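Novice: One structure coming up, written as structure tokens, with questions to follow.
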Amino acid sequence: MEEVKVFPLTCAVQNYLWGKIGLDSEVAKLVVGGDPLAVIEDGKPYAELWMGSHPKGDAQIKDNRIAQTTLGQWIAHYPACLGSKVKDAFQGQLPFLFKVLSVNTALSIQAHPNKELAASLHAQFPEHYPDNNHKPEMAIALTRFQGLCGFRPVEEILAFLQLVPEFHALVGYDAAEELRCSVGDEDRTSQALKKCFSRMMSCEKKVFVDELNELVKRVSEEGAAGKDTSSSNGELLLRLHSQYPGDIGCFSIYFLNYVVLEPGQAMFLGANEPHAYIYGDCIECMACSDNTVRAGLTRKYIDVNTLCEMLNYKPAPASSKIFPCVQDPSDPCVTLYDPSVPDFTVIKIQVPASMKDYTVASVDSASILLVIEGDATATSAAAFSDLTLRRGTVLFVSANESLSLHVTSQSGMTLFRACCLL
């Protein structure tokens, strides 16, 4: 029998503690949409849906005509499904991991190493850095999504140093003065910023906990008295402190941009970019790696020296962190999120209510397709039978295979597709 090249997947769910609880979670809603028999527990967090072949969450194949049970096994048997360019460039592996995240409490402040640093960290500390790959990633908001990303413009950091004495105390007079005097000279600013951030991150625990308690007390009292606490970034400070009391990461809000993405907006996190997700639901796509260097808002291993050495100390405004997506000139339904790395591209497909038939075009790469909204019957020469698509359906589509959708929902459809366009 000829091989089936398009098939549905059951994907791994990660119940990390920071996830949204029960059916408040977009992840949980998609799981139930895709499989009405799935059981969602009320008090349990549903943080991430992993769509791919990563060994920590290899998707199960939902087609009893296929002998292999997981996507990773199937790709190992039929590497041609990746597309010839992708197969050669990525040694027969699916180069990306596609995810949905539902964030209730902040994730750790972190950065991901470039390939060279990843290889060196993995060789030295394999227990903390499990592979030798880089991990660029893209987050696309499904609901209003809040995060920290990249260093703020120097003027903003200097203003906080002036207005938040507890923050100034951790950075120290010398480093703060050096930053103030560096304005206008890019190289000096980067060095001074590195010194300021490293000073704060290397503070003794007792010192920063005392300053943090002092700051939280002051901001709480000012808020209770009806004063505006925005000059101390008060609202965000209290929120993060309630989630991670006594954590040095609470002070990072004075260094890093607070970025809010509206649904459909994206941010791209290249190597060495400091970031933390704070709240909301998003689609995420990344190179297939698990390497993370953490710096706060976490109970996990913190590698302060590596982090302070590796970061990109280029200040830029929050608006510059929003990644520009592009309309496909040949298909008005398609929006491309195509970052500067070869590992992945994300495609948003929005089929309007007026359109009842739509073809998901073939690309020269394996792809994973997720239905966010809407219902359809899909036919493909490579599926050998009709497929029912509804909210939460995840399909694997081999390279160079197209899919014809007959849309049955009244309001059209929204799908996201991850692939590798070399």
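Sequential numbering from 1, following the chain as shown.
Glycine is treated like the rest: Cβ placed from N, Cα and C.
These came from TrEMBL, pasted as-is:
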DOMAIN    6-154  domain 'Phosphomannose isomerase type I catalytic'
BINDING   GLN110, HIS112, GLU137, HIS275  Zn(2+) binding site
DOMAIN    185-256  domain 'Phosphomannose isomerase type I helical insertion'
ACT_SITE  ARG294  active site
DOMAIN    336-377  domain 'Phosphomannose isomerase type I C-terminal'
Novice: Quick check: with GLN110, HIS112, GLU137, HIS275 left out, which same-chain residues have Cβ atoms within 8 Å of the centroid of the Zn(2+) site Cβ atoms?
Specialist: ALA111, LYS135, LEU269, GLU273, THR292
Novice: Would you mind reading off the Cα separation of GLU137 (Zn(2+) binding site) from the residue listed as 'active site', to the nearest angstrom?
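Specialist: A Cα-Cα distance of 16 Å.
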Novice: Going along the chain, which residues at least six beyond the ends of the domain 'Phosphomannose isomerase type I C-terminal' (336-377) come within the CB cut-off of under 8 Å?
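Specialist: Beyond its ends, the domain 'Phosphomannose isomerase type I C-terminal' (336-377) has Cβ neighbours at 9, 30, 33-34, 51-52, 75, 81-86, 89-90, 94-96, 98, 100, 134, 136, 138, 140, 142, 264, 266, 268, 270, 283, 285-288, 323, 325-328, 386-422.
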Novice: I need the nearest neighbour of the residue listed as 'active site' among the binding-site residues GLN110, HIS112, HIS275, using C-alpha distances.
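Specialist: Going through GLN110, HIS112, HIS275 one by one, the Cα closest to that of the residue listed as 'active site' is GLN110.
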Novice: Calculate the per-residue pLDDT averaged over the domain 'Phosphomannose isomerase type I helical insertion' (185-256) and state the result as an integer.
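Specialist: Value for the domain 'Phosphomannose isomerase type I helical insertion' (185-256), mean pLDDT as a whole number: 97.
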Novice: So if I measure Cβ to Cβ from HIS112 (Zn(2+) binding site) and keep only same-chain residues at least 6 apart in sequence, which ones fall under 8 Å?
Specialist: ALA118, HIS134, LYS135, PRO136, GLU137, LEU269, ALA271, ASN272, GLU273, SER289, ASN291, THR292, VAL293
Novice: As a quick check of your reading of DSSP, tell me how many residues in the domain 'Phosphomannose isomerase type I catalytic' (6-154) are helical, how many are strand and how many are coil.
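Specialist: In the domain 'Phosphomannose isomerase type I catalytic' (6-154), the DSSP-based counts are 40 helix, 43 strand, 66 coil.
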Novice: Please count the residues of the domain 'Phosphomannose isomerase type I helical insertion' (185-256) that DSSP assigns to helix (H, G, I), strand (E, B) and coil.
Specialist: 56 helix, 1 strand, 15 coil
Novice: Tally the residues of the domain 'Phosphomannose isomerase type I C-terminal' (336-377) by DSSP class, grouping H, G and I as helix, E and B as strand, and everything else as coil.
Specialist: 0 helix, 22 strand, 20 coil
